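K.L.:
Quick one: structure below, then a few questions.
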């Protein structure tokens, strides 16, 4: 029997929101981390030829002067793949967090049905392309794309309507609180990813006095492991952030409480009615 995440039915501080997201991750670690691990491994495999073309060397895969153009393509591709993966994991986490808010749990096939695989895949593809294109055009554009549209998978699974317009509408409320929260979470987990993906590999290479042959294959493995945890965590942040934003700005907590007092199904309150 899977653990049931306990999500507060009230507005949260930033720290409480992050704690709630980690509660979702801990409660349903198996599906979240396995999905994140598979996607992170595929990502590393897809990036290998681009790294070779750009002469990007481990562990940080920084630019080579003679191949800066190819390296920039590599960077854009990395932002595209991570955007896709975080979007997919946001959908999976939302399928867990939505029912958890009203005291319910979902298991097995029901969980994957709630994810809505085909619409989620299409939305993740669009979001990934937007992230990659905006990163290629300049990181200022990426900041707005990631912050404004990143809740799309949570909208798809919990709100079940609106998609990108709805995600952007939620992100800009309250002085763009949701957008800045997403970006803060991304930067925080980026630091963790760098430490897990490159930090200890770089230390080992320094101790070995050079660039040992194992660095070429161990570094992608290390990055995949670091990304596995980070992507799952960021997906959980998206799920909890959408619910908290709706509680803060739409009175979702009041709607759920009223449904319970009338004897209605509180799950109906989760679905957004334009």
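Every residue, even glycine, has its Cβ placed from backbone N, Cα and C.
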K.L.:
According to TrEMBL, which of these ranges is transmembrane segment: 7-28, 29-50?
P.N.:
29-50
K.L.:
With a Cβ cut-off under 8 Å, give me the same-chain residues at least six positions beyond the ends of the transmembrane segment (29-50) that come close to it.
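P.N.:
Non-local partners: 70, 73-74, 77-78, 81-82, 84-85, 88-89, 92-93, 96, 111, 220-221, 223-225, 227-229, 231-232, 235-236.
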K.L.:
Any chance you could find the range in 70-97, 143-163, 220-243 with the most Cβ pairs under 8 Å to the transmembrane segment (118-137)?
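P.N.:
Comparing 70-97, 143-163, 220-243: 70-97 has the most Cβ pairs near the transmembrane segment (118-137).
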K.L.:
Please give the sequence-distant neighbours of the transmembrane segment (70-97): residues at least 6 beyond its ends with Cβ less than 8 Å from one of its Cβ atoms.
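P.N.:
Answer is 5, 7, 21, 24-25, 27-28, 31-32, 35-36, 39-40, 43, 46-47, 50-51, 53-56, 61-64, 105-106, 111-112, 114-116, 120-121, 123-125, 127-136, 142, 146, 150-154, 156-158, 227, 231-232, 234-236, 238-240, 242-243.
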